[in-house]
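Swiss-Prot lists THR13, GLY14, LEU15, VAL16, SER180, GLY181, ASN332, THR333 with the feature NADP(+) binding site. Residues annotated as active site, acyl-thioester intermediate in Swiss-Prot: CYS150. Per Swiss-Prot, active site, proton acceptor is recorded for HIS245, and the stated evidence type is similarity to another entry.
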Amino acid sequence: MRRTLKAAILGATGLVGIEYVRMLADHPYIKPTYLAGKGSVGKPYGEIVRWQTVGNVPKEVANQEVKPTDPKLMDDVDIIFSPLPQGAAGPVEEQFAKLGFNVISNSPDHRFDMDVPMIIPEVNPHTVTLIDEQRKRRDWKGFIVTTPLCTAQGAAIPLTPIYQNFKMSGVMITTMQSLSGAGYPGIASLDIVDNALPLGDGYDAKTVKEITRILSEVKRNVQEPGVNEITLDATTHRIATIHGHYEVAYVTFKEDTDVRKVMESMESFKGEPQDLKLPTAPEKPIIVTTQDARPQVFFDRWAGNPPGMSVVVGRLKQVNPRTIRFVSLIHNTVRGAAGGGVLTAELLVEKGYIDKR
């Protein structure tokens, strides 16, 4: 039986933080023992958190005292999960890594550091070896590993089996992203009610950059950010759903490609987490539906087992002999954030990168 690992969750009262708490409360060997928060230090977690997810605050953590983000108080912590906001996260994560802590970050601050892995466990698990380079280059015993933008994961996971099996030449993506992607309290109601809000060229470019990096690592053993064989573009929007990012992708190929073969490649797709039977790995990373009006955010965002860990793909269509269309749905705060972070931690444990400090 695997020994228990102690986890700290930074920003434990935020929208992603509460998903970490929920998913780790009954995890077989990673336990949330240190809940860090700003403005609520010293108070019981269950009393101060706005529990904006399924179920109730787990009894295992309800009476835990919220603590400051102070490495001196975390001596016995094995893993740090960091869903801190952009800008604030980077210096804090570096401080912890320098002190020997193992940091899994959902923040963008280190996603494009050349020695920092940006991991989707089913897609590019081999990039964990960058940790060795990171430790050597930065002369620290800890590490920082990042998870990609939730939107990038919603596209990259279904694109991976296509990229592995067919000669892609281009992808055009349009997204409709839920409110929780903007954090709490989020967007002003008068900006989003009765509206679809374009996220702008900066967010579009960030999405493309991350998908490009992820796919560039599918076929290569060395990380080459920005290098790929396909042309990518994304147009991103915020809509008034709470959880779940909806994405429409048009994929073009260098030769005639049958949509039925593409569907089969998605249905059969599995990765290392499934082979290793990691606790948070869904049996199917991609669930393909042939129902005409699916996926739908309301019905499908919690797909998979554990719930919310599968990407649902539907509405596959042969547009012309060299173009197919599909729609994907990802639970942005589960698979796209906390669940992806927990699965990454499990992979790192299995690979020997996380053990007693």
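Glycine too: its Cβ is placed from the backbone N, Cα and C atoms.
Structure with Swiss-Prot features highlighted.
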residue: THR13; record: NADP(+) binding site; Cβ contacts under 8 Å, 6 or more apart: LEU35, GLY37, SER40, TYR45, ILE48, VAL49, ARG50, VAL66
residue: GLY14; record: NADP(+) binding site; Cβ contacts under 8 Å, 6 or more apart: PRO83, GLY183, TYR184
residue: LEU15; record: NADP(+) binding site; Cβ contacts under 8 Å, 6 or more apart: GLN52, THR53, SER180, GLY183, TYR184, THR333
residue: VAL16; record: NADP(+) binding site; Cβ contacts under 8 Å, 6 or more apart: PRO83, ASN106, THR333, ALA337, ALA338
residue: CYS150; record: active site, acyl-thioester intermediate; Cβ contacts under 8 Å, 6 or more apart: GLN177, GLY181, HIS245, ILE330, ASN332, THR333, ARG335, GLY336, ALA337
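The residue listed as 'active site, proton acceptor' carries a strand DSSP state (E or B). Sorting the binding-site residues SER180, ASN332, THR333 by the number of other Cβ atoms within 10 Å puts THR333 first. Annotation for the recorded positions GLY181, HIS245: lowest Cβ count within 10 Å of the residue's own Cβ, GLY181.
A coil conformation is recorded for ASN332 (NADP(+) binding site) in the three-state DSSP classification, outside any helix or strand. When the Cα positions of THR13, GLY14, LEU15, VAL16, SER180, GLY181, ASN332, THR333 are compared pair by pair, the longest gap among these NADP(+)-binding residues is 17 Å.
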